[in-house]
Amino acid sequence: MLAATVLTLALLGNVHACSKGTSHKAGIVCRITKPALLVLNQETAKVIQSAFQRANYPNITGEKAMMLLGQVKYGLHNIQISHLSIASSRVELVEAKSIDVSIQNVSVVFKGTLKYGYTTAWGLGIDQSVDFEIDSAIDLQINTQLTCDSGRVRTDAPDCYLSFHKLLLHLQGEREPGWIKQLFTNFISFTLKLVLKGQICKEINIISNIMADFVQTRAASILSDGDIGVDISLTGDPIITASYLESHHKGYFIYKNVSEDLPLPTFSPALLGDSRMLYFWFSEQVFHSLAKVAFQDGRLMLSLMGDEFKAVLETWGFNTNQEIFQEVVGGFPSQAQVTVHCLKMPRISCQNKGVVVNSSVMVKFLFPRPDQQHSVAYTFEEDIMTTVQASYSKKKLFLSLLDFQITPKTVSNLTESSSESVQSFLQSMITTVGIPEVMSRLEAVFTALMNSKGLSLFDIINPEIITRDGFLLLQMDFGFPEHLLVDFLQSLS
């Protein structure tokens, strides 16, 4: 249940205020559907077991007037769990209200020490201590509500019910009813039920919020790198319908702890379905913000030197033996240098045909001369527009170049006699080698970054990346994220 409730909120992050209302302003939207909750609910038992085991069971003391014995004082001390198992659980979404989880046949054996005392008719004080076991069978009903608290998800289970089908007291391992057992069972059972309900429900609520913080902290880490982070705080309370959970996030990129507080676009719930397990909706504004921080952080540049430059040319099938190549590089291709960098922040837009990137770049070629004392530099300034479609398969990101346009702006260091041929040659190099190489490196960089954050540990099934005018949609199915649950349970110990 807790896994089904909180692991779904893996985008939730930093602390900011939540707005109220029915409009959904967001840069990023996460929707998790009923089929996903059923998958996550598979491991409910492990989290519930942690709640039972972590709960603090206080000593139970009391006094009871009993026939023949008079006033009997008693106490159950050092109550602990010696055995616990869970038969099954079910999860349901209640429209605009809660996530309801029913847990059936929780078999729990408690153990501890029973101390009791009384005064006989002859004035003799009797004090006894005996070990006990309590064999119980319990059903739980937990209705969890999700709210936004200062930009973070909070969970609350105001409705938490325990139904006891069995509550048997065994003293010192004896299974046959004894007179002490008969005397104590009835009036201890009622008190014990109240204590167990209070402590277990309290611990379930505590663990659910610990898990919420755990997942949100992990999400913030996944979506950060160096000085770049993402403000994924909630813009309002999560939405619960009969078929999905949905959360809305700001999606501002943060650079060196500074982010722009721009107006957020309005999200329409009709843009997402409920046939896949998990949906992410990214507004075009998110990619604009990404381009800005990447440019500010100096990440939009590439430098190739010597043998690496020659190897790249050969990788893309560029003929390095042609005469003009030898002429341009001065006979020393292993000493050539090429640098590429953006002159200003790229513009990124989402369209039906793909993600369109408009960038102004400078490409500089530096080739040594035969005396190796001098070099010749050729510099190109160009506007490049590329249309890209992304896909994810076998734990790798793939970028497909659908279309590109290059508009030359300025060219320097070309003599009149060589300008046309050299410019054509270098332009061909940019087209046939430069753009594919940049795409290939972006694939590798993004894949390595995602894997370093643990994305490769997730069992992502049939992911689809779909672009539409103004937004990008990511939809997928998945297997249970066992590694996240293991990490969380270890953090509790």
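Cβ from N, Cα, C; glycine included.
Model, not experiment: these values are computed from the prediction.
Marked as disulfide bond by Swiss-Prot on the basis of similarity to another entry: CYS160-CYS201. Here Swiss-Prot flags ASN59, ASN105, ASN257, ASN358, ASN413 as N-linked glycosylation site. What Swiss-Prot lists as signal peptide is 1-17.
Distribution of Swiss-Prot features across the structure.
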residue: ASN59; record: N-linked glycosylation site; CB count, 10 Å: 13
residue: ASN105; record: N-linked glycosylation site; CB count, 10 Å: 13
residue: CYS160; record: disulfide bond; CB count, 10 Å: 17
residue: CYS201; record: disulfide bond; CB count, 10 Å: 20
residue: ASN257; record: N-linked glycosylation site; CB count, 10 Å: 7
residue: ASN358; record: N-linked glycosylation site; CB count, 10 Å: 14
Inter-residue Cα distance where the pair is ASN358 (N-linked glycosylation site) and CYS201 (disulfide bond), in Å: 55
Distance from ASN257 (N-linked glycosylation site) back to CYS160 (disulfide bond), taken between C-alpha atoms, in Å: 40
ASN358 (N-linked glycosylation site) versus ASN105 (N-linked glycosylation site) - Cα distance in angstrom: 60
Secondary-structure category, per DSSP, in which CYS201 (disulfide bond) falls: helix
Pairwise Cα distance for ASN358 (N-linked glycosylation site)/ASN59 (N-linked glycosylation site) [Å, integer]: 69
Pairwise CA distance, ASN257 (N-linked glycosylation site) versus ASN59 (N-linked glycosylation site), rounded so that it is a whole Å: 49
